[in-house]
Amino acid sequence: MSMLRIWSCIVHFFSVQALDSRIKPDIEFKRRQRIFINSSKEENGSSSSAVTVTRNPVLSSNSPSPPLWNTWEFRLYYLAFTVVVPFMIKAALATSSESNPNYYKFSGLLAHGWILGRKVDNSDPQYRFFRSNFFLLAILILLQIILKKVFVKFSKIPKTKFDFACGLVFVCFMYGINSVKLFTHAFIFFTLAHSLKRKRLIAAFAIWSYGIFTLFINQKMKNLPFNNIAIILSPMDQWYKGIVPRWDFFFNFTLLRLLSYSMDFLERWHEQLSRQPSIDYDDRRPEFRKSLSGSTLQTIYESGKNVLEEKERLVAEHHIQDYNFINFIAYITYAPLFLVGPIITFNDYLYQSENKLPSLTKKNIGFYALKVFSSLLLMEIILHYIYVGAIARTKAWNNDTPLQQAMIALFNLNIMYLKLLIPWRLFRLWAMVDGIDAPENMLRCVDNNYSTVGFWRAWHTSFNKWVIRYIYVPFGGSNNKILTSFAVFSFVAIWHDIQLRVLFWGWLTVLLLLGETYITNCFSRYRFRSWYRFVCGIGAAINICMMMIINVYGFCLGAEGTKLLLKGIFNNSHSPEFLTAVMVSLFIAVQVMFEIREEEKRHGINLKC
């Protein structure tokens, strides 16, 4: 294999196209590219004329700039990367070294590791649970995949019916007797949606109100004994509690599926109602069932070239009878995506249960499995050598340099990113092997973000898509940006955790987002000026600092810890030199981020993040 071929494989491995089959050049880009190529051939009388998308006038103002990778400017940036990045890693290692005066403060949180006799930072309770149960989870994954393939092949039962039975067993195994609480919520959602279906606004209000109410009631009553509900239920307190006693911990993801089913059902019901208003619709009447069969099913259950794209699958016209209780339970308890997602809408799940997407090839799945393994290995290496999680929990950074304290914050954000990315990718891989292609949740590395808007789009992408479909668009979308932004981030904050700190995080994010949008609009008129990219780089560097502070406050250190960390960074004799170096380094990093996105545009990819 030639070096060029190897380099091409490496570039593809780290590209966004390798993450998700949904990411591909849009049709309009391909059409414009063909027009430009044909026009160039006509002008030059030869197909060998130089044609590059980067100079394509057909793409007008949206066309990417000429490549900068081989310019002297970027060669200086490469040199800076080879110096700065190792220096950052060295500083992070120094904070975790046994020779560090603060080591004794956090050493008690370290466990015995498996890499070269090193200890491992296993202090994060969420990732510790995942790490401790990884091999059990691997056995469950293999068991579910094998059983489903055997049952579906030999019994010819629909996949959704197997998912229904498997989901019930899986939830009971995970939650034990506490699964009764989850299914009680599910039954109430199903009842509200179907009993109030003729009054869509009332139904939507009732469903959303109850959905938000469940977040609060679960917080208050998560450990409520059955004995407190009724004396006759007291024996249930001694029954099997499952391997996840905190059943409420993962309920938030189930809530998204409960809301998705309810909203999709109401939307489909009223679409049918508006098309044939003369019929008294009752889903229990045989003539109603008959009237809704036929061409609709043939249209949406067509594979091959006519397979529906993601946006079409979200509003696929399923038979109204497909919104039944069995499919409802199969969807909300679908084992591969049950615990933490990624989130897939009910309409999309139902469509993919009947139609295997062409993207689910052995090559794509194998390539994605390699990415999952690489992420796991990277996380293990970091946890064995950089103990910033334990340091943050004990606030053990006294007398560390400003750079070392900044690395504690940065690597904490990276660990938070990886601890979310790994389960999401593992469960998505499980779903892909099972025949369901859920959205990729992490389109960008946490260190490859300079925009609040872009960060929100690329971080937890499936949740972002869910929010756009069920909150952002119904509230008016971009026509009412301030209201929709506060509605979205208030829900996001409450959904994450019912704490005032997280709610403040949501509101701070909104303010940063609105400020970024305003400044971007003010400067967009100058986008063709030679200095525009450099001014944007300065603004993006400042924006990165703000995003780091907000997210460290919201999800890592809280108010007191963030205050202490910032005090240590800024209240130091070397702070001015350090902050100058930080801004220069971030500016260089941002220029590379800009060029990565421009390179994607040259291939017709514009993720807007």
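Glycine is no exception: its Cβ is also placed from the backbone N, Cα and C atoms.
Listed in Swiss-Prot for this protein:
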- H496: active site (ACT_SITE)
- 1-18: signal peptide (SIGNAL)
- 19-75: topological domain 'Lumenal' (TOPO_DOM)
- 97-133: topological domain 'Cytoplasmic' (TOPO_DOM)
- 155-169: topological domain 'Lumenal' (TOPO_DOM)
- 191-200: topological domain 'Cytoplasmic' (TOPO_DOM)
- 222-324: topological domain 'Lumenal' (TOPO_DOM)
- 346-371: topological domain 'Cytoplasmic' (TOPO_DOM)
- 393-406: topological domain 'Lumenal' (TOPO_DOM)
- 428-474: topological domain 'Cytoplasmic' (TOPO_DOM)
- 496-502: topological domain 'Lumenal' (TOPO_DOM)
- 524-533: topological domain 'Cytoplasmic' (TOPO_DOM)
- 555-575: topological domain 'Lumenal' (TOPO_DOM)
- 597-609: topological domain 'Cytoplasmic' (TOPO_DOM)
- 76-96: transmembrane segment (TRANSMEM)
- 134-154: transmembrane segment (TRANSMEM)
- 170-190: transmembrane segment (TRANSMEM)
- 201-221: transmembrane segment (TRANSMEM)
- 325-345: transmembrane segment (TRANSMEM)
- 372-392: transmembrane segment (TRANSMEM)
- 407-427: transmembrane segment (TRANSMEM)
- 475-495: transmembrane segment (TRANSMEM)
- 503-523: transmembrane segment (TRANSMEM)
- 534-554: transmembrane segment (TRANSMEM)
- 576-596: transmembrane segment (TRANSMEM)
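Sequence-distant contacts of the topological domain 'Lumenal' (393-406) (same chain, at least 6 residues past either end, Cβ-Cβ under 8 Å): 87-88, 91-92, 94-95, 100-103, 105-106, 109, 123, 561, 564-565, 568-570, 572, 574-575, 578-579, 582.
The Cβ of the residue listed as 'active site' lies under 8 Å from the Cβ of N252, V502, each of which sits 6+ residues away along the same chain. Here the transmembrane segment (534-554) touches the transmembrane segment (407-427). Their Cβ atoms form 3 or more pairs under 8 Å, with each pair 6 or more residues apart. Nonlocal intrachain contacts for the transmembrane segment (475-495), taken as residues 6+ away from its ends with a CB within less than 8 angstroms of a stretch CB, comprise 212, 215, 252, 255, 463, 467, 502-503, 505-507, 509-510, 513-514, 517.
DSSP states for the topological domain 'Cytoplasmic' (428-474), grouped as helix (H, G, I), strand (E, B) and coil, give 26 helix, 2 strand, 19 coil. Of the two recorded stretches, the transmembrane segment (372-392) does not lie close to the transmembrane segment (134-154), with fewer than three CB pairs under 8 Å once pairs fewer than 6 apart in sequence are set aside. Contacts between the transmembrane segment (76-96) and the transmembrane segment (325-345): absent, as fewer than 3 C-beta pairs lie under 8 angstroms at sequence separation of six or more. Tertiary neighbourhood of the topological domain 'Cytoplasmic' (97-133): same-chain residues 243, 379-381, 383-391, 393-394, 396-400, 415, 419, 422-423, selected by CB-CB distance under 8 Å and a gap of 6+ residues from either end. Remote same-chain residues near the topological domain 'Cytoplasmic' (346-371) are listed as 13, 18-19, 21, 158-160, 163, 257, 260-261, 264-265, 268, 300-303, 307-308, 310, 313-316, 318, 322-323, 327-328, 331, 334, 425, 428-429, 432-433, 435-437 (criterion: CB distance under 8 Å, separation of at least six residues from the stretch ends). Using DSSP to sort the residues of the topological domain 'Lumenal' (393-406) gives these counts of helix, strand and coil: 7 helix, 0 strand, 7 coil. As a whole-number mean, the pLDDT of the topological domain 'Lumenal' (555-575) in this prediction is 78. Residues of the same chain lying 6 or more positions beyond the ends of the topological domain 'Lumenal' (155-169) and with a Cβ under 8 Å from any Cβ of it are 144, 147-148, 326-327, 329-335, 338, 350, 353-354, 435.
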